[in-house]
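Novice: Submitted below is the structure of interest, expressed as structure tokens.
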Amino acid sequence: MAGGYELLKPATGHRRPSPLKSGYRVVSGVVILALASFLLLRINPVLLFGKQGASLAAHKNTEDDVGQCVSSTVKTAHPPAPLNPWTSLTIKEIMQIQEWLNAPEQGLNLTLGDIARPSDNHIYIIEVHYPQKSDVLNYLSSPSSSLPPRLARVVIHHGAALEPVVKNYLVGPLPIGPQTTMSQFTDIYHIDTIPYNARAFDARDWTAPEIYSQIAAPLADALQELFGGTAAGLPNDTLVPGASGPFSFDGSFRRMWLGWRRNAPGAYLHPLNLYQYIDTSGTDSSQWKQLKIVYNHQVFDTTESFLEALHNGTLKRTTLPPAQEELDLSWSTRKRTGQQRDLDHLPGPRSVSFAGLRFRVDRELQYVSWMGWGLYLGFDRDMGLSLWDIRFRDERIIYELKPQDALAQYAGNDPFQSTTAWLDRYFGMGHAVRDMLPGYDCPYEAVYLPATTFGLSGIVSRDRAICIFEHDSERPLTRHLGYDKDEFGAIKGYQLVIRSIATLGNYDYQFDYIFQLDGTIEVRISASGYLQAAYWESDQRHYGSRIWETTMGSLHDHVINYKVDLDVAGLENSLLKTTTSQETVIQPWFDEDWGNEVIQQTISREYITNEDDALLKLPNNLQGGYSFVNRDKTNKWGTVRGYAIHPGYSPIHATVVGSKRLLKNADWARYNLAVSRRKETEPSSSSVWNFNLPGGPPVEFHKFFDGENITQEDLVAWINVGMHHLPQSEDAPSTRTNTAVSSFLLTPLNYFDHDVSIESTNAILLQTPEKPGDPFTFEDYGVQPAHCIPQPPSPFEYAPVQIFNHGGDVVEFTSVEDMRSSSELYHRIKFQA
């Protein structure tokens with residue numbers, strides 16, 4: 001044996017060849033044969049392997065030619081005008097305005113927001129004030145002209161005033177200079193000043209030591225005995241409360257219910273059936289006090305009476321749980337559990353633009369274009385991302401598309417859930433926008449844009465506040481299989497998505513704007529995060545479902561309102577109502593076999609001409625709908641051009657009407673759709689202060705509807721999306737975006753002469769063969785699938801929000817508690833001793 005192989009034996013009578021020479025001959029023969037086969041394969045692989053050989057060779061050649069894909073660098077967009085009239089203030093502009101306001105000559109006696117108390121004067125909001133539509137349209141039609149002076153809207157809490165109030169101001173022109181002035185801004189509000197008890201939130205209300213000493217400290221023994229937990233104002237507290245709202249009806253008081261929970265991951269899912277009603281009216285936090293305690297449906301007017309019942313044995317207790325350290329609270333975390341599913345160890349598919357990104361972005365102007373679409377982006381503290389001057393094929397379709405407010409109204413058999421009616425604009429959905437997770441919130445190749453907002457703690461800047469990406473919907477936009485010439489084909493359903501995500505305490509709201517090739521826009525919102533749960537007991541069965549041992553998911557409504565300023569073929573639009581119904585038709589040509597009647601559908605069209613008739617709900621069975629049309633403009637076929645407002649997922653309106661906590665401050669939620677004449681004095685359906693002023697809100701939506709004519713006028717649609725959320729065990733630990741989702745679509749209605757998506761060259765057209773069995777021929781317009789090696793995704797990284805203090809320096813967080821306090825707001829209150 002040599003090298004593990006048996007040597008060849010020589011034939012009888014022949015000399016045994018030299019092993020070395022023999023080895024050379026064998027190797028040489030193998031090499032020659034391999035080279036010959038390789039050349040033959042390259043020249044004509046069919047001779048060796050038939051058709052399969054040709055296929056293998058072609059595959060090999062393709063692999064040899066594959067190169068690295070181009071990087072996902074976004075191309076620069078070309079805006080129709082060199083300025084974005086809706087762009088947010090820069091950090092430098094905010095700093096200049098703040099410095100100007102703090103100057104002694106302004107006489108405002110301001111305290112910096114990061115150290116201010118309720119009894120101080122301090123700035124609450126600094127943001128851009130949007131110019132009037134007529135001025136912007138003049139500028140966009142003639143970009144060589146000048147925009148009107150740039151202004152800022154400023155909100156100041158005048159806590160040091162003899163009668164504390166909240167006021168709005170306009171400051172400008174910007175940049176700050178000798179001509180800059182300040183004036184009170186009341187044009188868009190129905191009340192001149194905001195009562196101080198209705199002021200916007202401030203998480204630092206709870207940092208004053210006397211708040212802890214008067215509200216939480218007296219309950220220390222009870223918290224330990226009833227729940228085995230502590231709330232001593234220390235980092236290792238095992239119990240925390242959260243608040244319900246609104247806090248006021250007319251500004252004469254500021255009161256709220258606190259509900260106690262375990263201080264664990266997903267604390268919102270660990271309620272404890274103990275509630276305190278507290279008064280935080282006025283500016284002197286030493287006067288804030290407890291008014292009432294409710295434990296297990298037993299009401300106590302004082303802490304002393306509650307503790308007396310606890311100690312004398314008359315308190316009816318819930319099941320006594322063990323100390324928190326003995327509990328398994330992992331069920332409310334987001335840590336993976338359960339057996340790994342088959343093949344789940346492999347990464348899933350991801351989107352790759354093999355030929356490079358097909359949309360354009362101007363980062364400085366925040367302008368985006370894609371496949372005939374073009375639009376500017378705006379961003380503000382109250383509601384975050386907004387879209388402006390949306391054009392398709394060089395025609396403006398929408399002037400403004402912007403969320404207005406988000407309602408969440410709860411039900412329950414306890415003082416907390418039954419009194420909760422959140423209006424999330426109050427907390428600042430734009431200020432609560434978070435940096436998105438690459439590869440999870442948005443595809444790896446998404447393009448991110450930043451956003452800057454002003455807050456009490458400073459100027460907040462987020463690098464990944466907005467993401468933009470194109471994706472394949474994985475379904476054709478149109479298709480048909482046919483046998484006549486040019487009737488067999490399909491068009492790819494590509495879409496452009498612009499997205500932002502805001503986390504307000506327990507809920508995460510995902511705002512999506514989805515653009516399509518036929519001129520359709522889908523506006524979609526999805527929710528996830530944690531439920532605001534209640535303590536489960538049998539009496540709660542009418543208000544929700546048990547989802548854990550003592551946890552109930554409470555019934556509640558979500559309603560989110562959008563402003564859509566449609567300009568359909570111009571500014572002059574009318575509201576068209578279309579309905580379908582059943583009719584019975586008798587015609588002389590009907591044969592006797594079936595009788596002389598036919599029952600079928602018929603269409604009715606009518607114009608709604610008065611605002612008062614334009615507070616609308618969708619028809620039963622969705623038999624009909626509403627559209628904006630320009631009665632003076634027709635398409636080639638003589639039909640008025642329009643855009644239809646189509647319901648998408650979950651087209652709902654609010655369930656509860658008449659609640660004192662939503663008496664007048666969220667009337668917009670009562671309808672699926674409302675249409676009013678556009679006015680500069682009615683820019684929004686809500687305001688920050690509507691939340692705490694249901695008895696007399698600054699913006700009363702029903703006052704928009706005062707009998708005016710809406711025929712061929714500049715109109716605005718106020719459109720609602722949302723869901724009736726009946727929680728279930730699958731909402732633990734987190735609600736799923738595939739069920740907690742709602743949308744509407746804005747889609748062409750005789751706006752074009754035909755389906756304009758037929759322009760797309762990402763399409764295929766097949767021709768039937770002349771004889772059965774012959775191959776189909778096809779035309780792909782030269783757009784073939786690209787093939788290359790994708791760029792590797794960047795390593796995952798996530799950084800916390802960057803905050804600049806009022807001096808312009810980066811703020812370094814001293815603890816995780818500091819990072820989370822501005823995120824969880826009143827939903828999780830951490831007292832300080």
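Every residue, even glycine, has its Cβ placed from backbone N, Cα and C.
Sharing the feature lines straight out of TrEMBL:
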- 116-175: domain 'Copper amine oxidase N2-terminal' (DOMAIN)
- 269-318: domain 'DUF1965' (DOMAIN)
- 350-757: domain 'Copper amine oxidase catalytic' (DOMAIN)
- ASP424: active site, proton acceptor (ACT_SITE)
- TYR507: active site, schiff-base intermediate with substrate (ACT_SITE)
- TYR507: 2',4',5'-topaquinone (MOD_RES)
Novice: Give me the count of other Cβ atoms within 10 A of the Cβ belonging to the residue listed as 'active site, proton acceptor'.
Specialist: 24
Novice: If you draw a 10 Å sphere around the Cβ of the residue listed as 'active site, schiff-base intermediate with substrate', how many other Cβ atoms fall inside it, taking every protein chain shown into account?
Specialist: 23
Novice: With DSSP as the reference, give the number of residues of the domain 'DUF1965' (269-318) in helix, strand and coil.
Specialist: 14 helix, 19 strand, 17 coil
Novice: Could you give the Cα-Cα distance between ASP424 (active site, proton acceptor) and TYR507 (active site, schiff-base intermediate with substrate), in whole Å?
Specialist: 10
Novice: Using DSSP, what's the helix, strand and coil tally for the domain 'Copper amine oxidase N2-terminal' (116-175)?
Specialist: 9 helix, 28 strand, 23 coil
